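*Asks:* Below you'll find the structure I mean.
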Amino acid sequence: MLASHFDSLVSKLPSLSTSDHASVVALNLFVALLCACIVLGHLLEENRWMNESITALLIGLGTGVAILLISKGKSSHLLVFSEDLFFIYLLPPIIFNAGFQVKKKQFFRNFVTIMLFGAVGTIISCTIISLGVTQFFKKLDIGTFDLGDYLAIGAIFAATDSVCTLQVLNQDETPLLYSLVFGEGVVNDATSVVVFNAIQSFDLTHLNHEAAFHLLGNFLYLFLLSTLLGAATGLISAYVIKKLYFGRHSTDREVALMMLMAYLSYMLAELFDLSGILTVFFCGIVMSHYTWHNVTESSRITTKHTFATLSFLAETFIFLYVGMDALDIDKWRSVSDTPGTSIAVSSILMGLVMLGRAAFVFPLSFLSNLAKKNQSEKIKFNMQVVIWWSGLMRGAVSMALAYNKFTRAGHTDVRGNAIMITSTITVCLFSTVVFGMLTKPLISYLLPHQNATTSMLSDDNTPKSIHIPLLDQDSFIEPSGNHNVPRPDSIRGFLTRPTRTVHYYWRQFDDSFMRPVFGGRGFVPFVPGSPTERNPPDLSKA
């Protein structure tokens with residue numbers, strides 16, 4: 001009996017291996033395409049028009065065309081798009097690495113402006129896009145949409161993708177501009193997802209002032225609680241690693257714990273229906289400020305490159321897949337009878353995206369400049385144009401939200417939903433390829449090569465790489481030389497006297513209360529028997 005059972009299992013093995021063979025082939029091809037993206041991206045590094053994002057997108061498109069021809073028009077992609085794949089596996093390493101490697105001094109120095117652009121600006125853009133599609137779509141025969149659908153479209157197309165611009169900007173030469181574009185991009189993604197989820201969960205059939213305030217309160221609640229959860233998770237990891245000091249036995253445990261705690265912060269946010277993007281971003285900031293300094297030197301090098309590599313691979317994977325999925329024949333077949341309508345919808349959306357960007361970038365920049373006395377800290381007009389341009393590209397976040405709203409398991413038979421999916425694909429492709437290719441020439445024209453003049457804000461140990469920015473930076477160092485400022489003998493002297501900033505008071509609080517508990521720079525772990533132990537550092541100078 002056992003022998004017959006074994007024979008039946010053996011007889012099934014060929015059929016099992018045959019069913020799995022297609023998946024193995026698809027994964028092999030996808031890995032090979034990722035390798036091709038990396039190699040071509042390196043070869044085109046100095047190209048005036050191309051960057052790695054566009055390269056991956058075009059390779060995806062080319063692969064999709066090849067698969068369409070081989071399959072005789074039946075399929076164009078290797079994997080089925082899944083929002084879970086994007087939001088749970090690909091997005092967390094990208095956002096965490098952004099927080100982990102952010103120049104904290106610049107980020108928090110411009111925090112108010114970043115929040116204006118990233119939160120308030122996104123809501124303004126969402127509102128303008130929603131109002132625009134409400135007016136234009138009613139005149140087009142694309143199906144029946146309600147208020148919730150129009151607001152969701154506004155949130156979908158308010159989500160920017162500033163990767164192309166960040167790959168061109170140099171944060172050492174234009175620290176203010178890089179900080180604003182970088183910070184706005186992260187906060188924008190978080191705000192778009194929070195607004196989208198809030199719209200999905202609210203009953204908008206009876207919208208009134210009370211419901212509007214409730215929606216705003218829910219948004220602020222998610223924003224604040226997500227930030228606190230990320231900071232708390234980062235502090236817990238710092239405290240555990242500082243107290244237990246895994247490095248004396250195994251540096252692998254340090255690295256593993258940092259990676260798992262980072263991912264845990266995102267999953268906890270999803271568990272409690274908070275914003276995982278905000279949570280993992282601020283977890284990255286806190287872990288780079290405390291946890292990273294509590295591990296051994298070898299663990300610092302390992303985590304620095306591991307987080308950067310995972311983020312890079314996830315970004316490349318996303319652009320590659322978006323390019324392939326853009327040629328999904330099932331979606332385009334639904335709108336093939338009315339190509340003019342699809343083109344009109346895409347054009348309207350692209351125009352509203354540009355208008356929505358301009359409606360907040362230039363007015364908010366003006367308001368921000370009014371509050372700044374130092375001329376070097378003001379956002380000049382050429383910088384405002386770059387900020388406006390950097391937010392015109394649409395990418396994976398818009399795609400994922402559109403799939404979430406207008407498809408079921410990646411498919412839809414409703415014509416209006418199919419038009420929205422194909423229009424989203426068209427806008428993402430057009431904006432990324434066309435605007436992305438024009439980014440380098442535009443920035444070269446608006447921002448001719450200049451030397452970094454902000455020595456007060458620069459750090460000597462900053463790596464000269466877009467993908468691996470500052471990791472061992474100090475926080476908010478108050479400029480020296482202000483200790484012996486003479487007392488002013490006039491009102492003018494009083495007004496022009498240097499004042500102690502929020503950064504100064506935070507540094508005092510950090511040194512007095514936070515670092516003694518959670519570690520950070522000045523807490524230098526050592527491996528027994530290592531040169532660090534034989535020559536212990538003078539912590540009194542740290």
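Cβ coordinates are placed from backbone N, Cα and C, and glycine is handled just like the others.
Got these off TrEMBL a minute ago, pasting:
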type	residues	note
TRANSMEM	22-44	transmembrane segment
DOMAIN	32-443	domain 'Cation/H+ exchanger transmembrane'
TRANSMEM	56-73	transmembrane segment
TRANSMEM	85-102	transmembrane segment
TRANSMEM	114-138	transmembrane segment
TRANSMEM	150-169	transmembrane segment
TRANSMEM	176-199	transmembrane segment
TRANSMEM	219-241	transmembrane segment
TRANSMEM	275-293	transmembrane segment
TRANSMEM	305-323	transmembrane segment
TRANSMEM	343-364	transmembrane segment
TRANSMEM	385-406	transmembrane segment
TRANSMEM	418-438	transmembrane segment
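Each of the listed features needs to be described in terms of its position in the shown structure.
*Replies:* Using a Cβ-Cβ cut-off under 8 Å and counting only residues 6 or more beyond its ends in the same chain, the transmembrane segment (22-44) has close neighbours at 50-52, 55-56, 59-60, 63, 78-79, 313, 316-317, 319-320.
Outside the transmembrane segment (85-102), and at least 6 residues removed from its termini, the chain residues within Cβ reach (under 8 Å) are 79, 182-183, 186, 189, 262-263, 266-267, 270, 276-277, 280-285, 287-288, 292, 307-308, 310-311, 314-315, 317-318, 396-397, 399-400, 468-471.
Beyond the transmembrane segment (150-169), the same-chain residues lying 6 or more positions past its ends with a Cβ under 8 Å from any Cβ of the stretch are 51-54, 122-123, 125-130, 133-134, 137, 177-178, 181-182, 184-185, 188-189, 191-193, 195-196, 199-200, 204, 315, 349, 352-353, 356, 386, 389-398, 401-402, 405, 420, 424, 427, 432, 435-436, 439-440, 443, 466.
Residues 95, 98-99, 102-103, 106-107, 109-111, 113-115, 117-119, 121-123, 126, 148, 151-152, 155-156, 158-163, 165-166, 169-170, 215, 218-219, 222-223, 226, 273, 275, 277-278, 281, 376-377, 379, 383, 386-387, 390-391, 397, 401, 404-405, 447, 454 of the same chain sit 6 or more residues outside the transmembrane segment (176-199) yet have a Cβ under 8 Å from a Cβ within it.
Using a Cβ-Cβ cut-off under 8 Å and counting only residues 6 or more beyond its ends in the same chain, the transmembrane segment (305-323) has close neighbours at 30, 33-34, 37-38, 41, 52-53, 56-64, 77, 79, 81, 86, 89-91, 93-94, 96-98, 100-101, 163, 255, 259, 262, 395-396, 399, 425, 428-429, 432, 467-468.
With a cut-off of 8 Å between Cβ atoms, the residues of this chain six or more beyond the transmembrane segment (385-406) that come close are 81, 83, 86-87, 90-91, 117, 149, 152, 155-157, 159-166, 169, 177, 180-181, 184-185, 188-189, 192-193, 196, 200, 318-319, 322, 325, 353-354, 357-358, 361-362, 365, 379, 412, 414, 417-418, 420-421, 424-425, 427-428, 431-432, 435-436, 439, 442-443, 446-447.
Same-chain neighbours of the transmembrane segment (418-438): 49-51, 53-54, 57-58, 61, 142-143, 153, 156-157, 161, 164, 319, 322-323, 325-326, 331-332, 334-335, 338, 341-343, 345-346, 349-350, 353, 389, 392-395, 398-399, 402-403, 405-407, 412, counting only residues six or more beyond its ends whose CB sits under 8 Å from a CB of the stretch.
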*Asks:* Mind pulling out the one from 56-73, 114-138, 219-241 with the most Cβ pairs under 8 angstroms to the transmembrane segment (343-364)?
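*Replies:* Result: 114-138.
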*Asks:* Same-chain Cβ contacts of the transmembrane segment (56-73) under 8 Å, 6 or more residues past its ends?
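*Replies:* The answer is 29, 33, 36-37, 40-41, 316, 319-327, 329, 429, 432-433.
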